[in-house]
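If you check TrEMBL, you get these features:
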type	residues	note
TRANSMEM	A:23-43	transmembrane segment
TRANSMEM	A:49-70	transmembrane segment
TRANSMEM	A:77-99	transmembrane segment
TRANSMEM	A:105-124	transmembrane segment
TRANSMEM	A:131-148	transmembrane segment
TRANSMEM	A:183-203	transmembrane segment
TRANSMEM	A:234-252	transmembrane segment
TRANSMEM	A:264-281	transmembrane segment
TRANSMEM	A:288-308	transmembrane segment
TRANSMEM	A:314-333	transmembrane segment
Amino acid sequence: MTESLVAGSPNPLSHRLFARPEIGATAAAGVILVFFLAAAPAFRSGGSFFTVLYQSSTIGIVAIGVGLLMIGGEFDLSAGVIVTTAGLANSMFCWWFGIDLWVGALLSLAFCLFIGFVNGYLVMRTGIPSFLITLGTFFVLQGANLGLTKVVTGSVTSPDISRMDGYPLLEGVFASNFDAGGVTVWGTVLWWLGFTALAAWVLQRTRTGNWVFAIGGSADSARAVGVPVVRTKIGLFMTVSFLGWFVGMHTLYRFNTLQAGNGVGNEFLYIIAAVVGGTLLTGGYGNAIGVGIGAFIFGTTSLGIVYAGWDPNWFKAFLGVMLLLAVLVNLYVKSLATSTRLLRDSPGKADDA
Amino acid sequence: MTLIEMREVGKTYGPIRALGGISLSVRAGEVTCVLGDNGAGKSTLIKIMSGLLEHTEGQLMVDGEELVFSSPRQALSRGIATVYQDLAVVPLMEVWRNFFLGAELRSGRFPLAGLRIREMRRIADEELRKMGITVKDINQPIGTLSGGQRQCVAIARAVYFGARVLILDEPTAALGVKQSGVVLKYTAAARDAGLGVVFITHNPHHAYLVGDRFLVLKRGRVELDSRRDEISLNDLTQEMAGGDELDALAHELRRTTK
């Protein structure tokens, strides 16, 4: 065993920095922020900055879960409507039975986790792509949201909950805001940052995170070395539905009443935030901070266009362009990470062909 | 010392018999070669040993204890590690993460416990060096290594985590001559370290370089079971290439080409 294998070249800093998932998104976020600061005078205030952060957080919280799930190699198209399902379940259950909102919130949580479990279980059990399974759940929930709301209230709006038991406390948890130096800061922004930090820790620094990357990168390889693939994937689906429940609670306790048709289409915003943030569509690559920056780009643009006084319809066209650019960048980064690097400094060892 | 013993092991899928009547033993410090054409049942056999499939007939004994593995984790905990040709590693993950995948070192047992990353990097680097594999940067994605190197990292990983039986699934199938040589060298190194090695291949030349015992499968049955001193490379090649069928074919071809 005298001959040794030498592989790769020591990465220069520029190379390593460029191969980080969120680097493209960070640059894009900077450019977009500067652009709107220049184009929209109304944008240049602390108040509007925190409004942007609030807007980002409402998408960003669920996008964290969707991003983790995508790194784990799966999709969840029901993530948009489950937000509304969570709020409706809480409010109508409590209104119908006249019980404390706390109980309803917990029941709604259990129900959402159950939906996430069913999504994951069906995907793992049948081997049908998660795109199809969750497309099914998406339509079931969308229909049930409207149908059940009509049965219970006779309209497509959920009953007002602001005078029911437990309301003030829950509003404090999910939908509070406070004043910091003259600007309004919504609690969801702090929750968003907290969840992002937690997800970043889990992904990069824990065993669970290692498993998430592994099942997304190559589920068979992961299984062969003893990673519990089924359990990890089901856990990821349940994480998405937990975060969906959380935003559902926020929406309910902020507006007191919900439109049963809401949430449709948001699943794509979550996926866009994740992909723009450097998550690979095919799994196995990405990080939580990137997803956060992706959500921030969403918040900046959606409000920047309004502040600049343009037709807000252009927003979606812009998102589409961002998505396409991001996919191209991600593809390039992936090819960097998987191409065999040729030896330059030790030509004598030709093992590395 | 016999590590794994199979007695008349078989696997059926409904009416279809993929494998039947397989008897073999894997001994410490020996390389058992399993040869066979595509569809001969090689993969089914190793999947039974590595816990991906449950056998439906016969007995599988590990250290004299009869078992049916229901997951790779169970086989691993018995010291049986498998290195698959195409799914040995997760390409986008760093070399050290791949090395410790499924056996991560943690700073505690609670769910959010941090990984001992510095320690894992150091150990992975040391262990690879011990096997004679020098990776420039332990943090590079393992996809940047060549196929032969990835196989070697997977073998080094199995050895480090105390595998007593190492199952190699066609480790040289997709490799060039030189890289195959490197992989065969690590196979021999694992054997010398006292592991029982099961070497699956359809290349009799590679098998004869490292094998102590040869098993040729055909249509899910054992066609030949022989010790190294009982068989020559020519006979093995002949057996592998189809034996008498090949003779007949050669005869036929001669007549038509004349």
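Along the chain as shown, residues are numbered 1 onward.
Cβ atoms here come from the backbone N, Cα and C positions, even for glycine.
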*For the transmembrane segment (A:264-281), which partner among A:23-43, A:105-124, A:183-203, A:234-252, A:288-308 gives the most CB pairs under 8 Å?*
A:288-308
_Recorded stretch that, among A:49-70, A:105-124, A:131-148, A:314-333, has the most CB pairs under 8 Å to the transmembrane segment (A:23-43)_ = A:314-333
*asked:* Using a cut-off of under 8 Å between C-beta atoms, tell me which stretch among A:49-70, A:131-148, A:234-252, A:288-308, A:314-333 contacts the transmembrane segment (A:105-124) the most.
replied: A:234-252
*Quick one: find which recorded stretch in A:234-252, A:288-308, A:314-333 has the most Cβ pairs under 8 Å with the transmembrane segment (A:183-203).*
A:288-308
*Residues of the same chain, at least six outside the transmembrane segment (A:234-252), with any C-beta under 8 angstroms of its C-beta?*
58, 61-62, 64-66, 68-69, 72, 74, 76, 79, 82-87, 90-91, 105, 108-109, 112-113, 115-117, 119-121, 123-124, 158, 161, 170, 173-175, 188, 191, 195, 208, 212, 258, 262
*Most Cβ pairs under 8 Å with the transmembrane segment (A:49-70), selected from A:131-148, A:288-308, A:314-333*: A:288-308
